[in-house]
Amino acid sequence: MKLTLVTGLTGLILLATIIELLRRRQLREKYGMLWLGVLVIVIPLALFPRLLDNVAGMLGVASGVSLVLFLGIVFLLLVCVHLSWEVSALEEETRTLAEDFALLRAEIDAERAARNELVSHDG
Amino acid sequence: MVNGKRVLIIIPALNESGSIGDVVREVRGELPGVDVLVVDDGSTDRTHAVAAAAGALVARLPYNLGVGGAMRLGYRYAYEHDYDVAIQIDADGQHDPRYVPKLVDLLDDTDLVIGARFAGEGDYNVRGPRRWAMVMLSAVLSRIARTKLTDTTSGFRAANRRIIEMFARWYPVEYLGDTVETLVHTARRGYKIRQVPVAMRRRMAGTPSHSPAKAMIYLGRAFAVLTLALIRR
Ligand SMILES: Nc1nc2c(ncn2[C@@H]2O[C@H](COP(=O)(O)OP(=O)(O)O)[C@@H](O)[C@H]2O)c(=O)[nH]1
Ligand SMILES: [Mg+2]
């Protein structure tokens, strides 16, 4: 009973945190939806940890709780992979930005040099 | 100048080299005295060159940001160059620039004017889940904006100076956020929104960014975006 209270409360606090972050526009829609989806699955499990016992039995896992732990770790791994993927995309974008910036600077410098040239010829 | 107002036409474009030239030429022909800004959103074709050759100002983003990202750039440009009115038009030729003066006129006592299909003019049909999504969006957004809105995802909109200022600072980049969330945000802040019936034409070239297979996902996302917009401040 006590355990249910702890897990259930944790789930609810997480839910409230995510909703508040979304409300303040600190989380992009795609991540917000992901975490809300996760919580919709996790909170019932937190309140009734034995919910998955039947499924666990069918898969040959000793108890529903271990199954949840296993699935949880798999899920976290997937999230990590996804984040690495996002970071790679971001790095590619900053690289492009830096190149664009350098190209622009080169153009401006060339123009300024050309202008100075003109001025010194005039004078 | 249209009716004494400085007007900027903003055209977000992604790989529209087949139509962008004609669209820019038509806009400039129908509306002499307006400036046209094409935001090329990382196109891999010659969209930027074709648009520039047709006489548009072209802002090229280094990579794809989506319609929302392109539009914020457009509104920032409008804000920094002191335009009175900014009008978004699609690059595929579906929007008829001859409606622009009508939209601009309405901005006298409205802040945001939407050119809406399904509102009596022209023929434009959508069926299935996309249709349901549109019905749901219209119902909810009409209530929030306290005016009848039948085409909430229309990319044909005119904004006055106050809206330009707001959109230059804040404009969602998320898919559907650029239409749905901006409407919720605008209405909530007490700005006046109105729609005008416009006839939609067919795409001149290229392919639309939505396929029928994505319709169901579209419905789900529309629902999610709307819910989010409603709980957000
Ligand atoms: N900036 C930008 N514009 C886009 C993008 N995708 C589509 N567009 C433009 O948005 C407009 C509407 O696109 P379209 O596919 O015709 O959508 P529909 O009219 O709602 O079916 C066109 O001008 C497209 O060029 C994008 O990723 N970035
Ligand atoms: Mg279109």
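Positions of Cβ are set from backbone N, Cα and C atoms, glycine also.
Now, the feature entries from TrEMBL:
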- A:6-22: transmembrane segment (TRANSMEM)
- A:34-52: transmembrane segment (TRANSMEM)
- A:58-85: transmembrane segment (TRANSMEM)
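Long-range contacts of the transmembrane segment (A:58-85) within its own chain (CB-CB distance under 8 A, at least 6 residues past either end) are made by residues 38, 45, 49-52. Listed by sequence, the residues of this chain that lie at least six past the ends of the transmembrane segment (A:6-22) yet keep a Cβ under 8 A from its Cβ atoms are 32, 35-36, 39, 42-43, 46-47, 49.
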